[in-house]
Ligand code: UGA
């Protein structure tokens, strides 16, 4: 396993728990030492336990440098970062440098697997860089969500394995046999595209739902009922229909931009996807305009208490967090920000990060909930009402109980549940 980031470490620990012998490599010497001692720094439920079980059973090892990890390997997983490079394309520098390091030491007949999200055609490119006819390159994308990565790995919806050599694809698929998941065996390009197509579809679903929420506000409809009514249609499904401040994280933003690039490179214009991205940018601006409105029309000098900073609940990950994008826009208009997130410690530019939710809302002109941590539902809202300067709560995820807040004298503003006047709406529409 080359790379012990969130994908590499989860994959390594889970494969070890399935009974395989796994050696994980990283270039970060201090991190390798910490992992050898069983210290996992990623906030991922169940991961630390699995790592420690694997270490104790002798099925999981950590080494410095890829070359050391691959020496006796039958299968080599590449789990290195593929960040967004210039112009939105995935930057493959880390993949290329690993190939240069291991190509001559790979055992005869082993299989190299791309686990990182890489552009269509990367398996072929890695194969060309390897210059090893005896080493097939397989694409085996991951579908793990941060915060539930271990559960997703052990209960997958599907396993996708792509290779132009059937035997190599079957060898990789066999690693997951105990999970009993539907398995798609295909060619490398198709497997690579499955990952982008799935993530971009999810992003599109979310942008669509955020647009419907906006429409609900203008028409006086309730987005919670609209999405429930849509979701019972099995072709649509109930999941991924929750409106919010926009989608973020380390995957969806990167992968949508990358697919636009991939499509553009083969002359395919993809307006559906560019509109998905633009709708997401607009969603953040919409949240800011709602907070501005709650603050009385001007943000300069206004104190905004932010509940949540991470890109979603259950993680400490701030990468491409919609909460931070909103914070940046608020700062640009002169707001003063205090924020609390149960998973986030340390510095966030422009935000005074405090240790509890009550400290975040103290003296606030507006409270804005940006990440859906369950503990925010259980706050003592009457205490919040005493602490704030003004009783407005903008709930960008429809996460709170409006009645509970109202009983405490607070005004709750959600998303897509606006109290439009039905007669005015009718007059405008007809
Ligand atoms: C995503 C995919 O869901 C995984 O299947 C995929 O493996 C992973 O990317 C990856 O490529 O590695 P993740 O980035 O962990 O997983 O985050 P999601 O749970 O998909 O959430 C993405 C964003 O959408 C978050 O900002 C979240 O708050 C938002 N979201 C999600 C909503 O606003 N509403 C929803 O109903 C669901």
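Quick reminder: no glycine exception, Cβ is built from N, Cα and C everywhere.
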Legend entry - Listed in TrEMBL for the NAD(+) site shared with 26, 31, 82, 117, 254, 319, one of 146, 217, 285, 347: 146
Inset, instruction - According to TrEMBL, 143, 144, 145, 146, 240, 241, 242, 243, 244, 248, 312 bind substrate; identify which of 195, 290 is listed for that same site. - result: 195
Inset, instruction - List the same-chain residues at least 6 positions away in sequence whose Cβ sits under 8 Å from the Cβ of residue 248 (substrate binding site), in sequence order, or say none. - result: 311, 312, 319, 320, 321, 322, 323, 325
Inset, instruction - For the domain 'UDP-glucose/GDP-mannose dehydrogenase C-terminal' (305-402), give the DSSP counts of helix residues, strand residues and coil residues. - result: 28 helix, 20 strand, 50 coil
Inset, instruction - May I ask which of the recorded positions 195, 241, 243, 251 is closest to residue 146 (NAD(+) binding site) if we compare their C-alpha atoms? - result: 251
Inset, instruction - Select the closest residue to residue 31 (NAD(+) binding site) from the following binding-site residues, measuring between CA atoms: 143, 145, 243. - result: 145
Inset, instruction - Using CB under 6 Å from any atom of ligand 1, narrow the recorded positions 143, 248, 251, 319 to the ones that qualify. - result: 143, 248, 251
Inset, instruction - Provide the three-state secondary structure of residue 26 (NAD(+) binding site) computed with DSSP. - result: strand
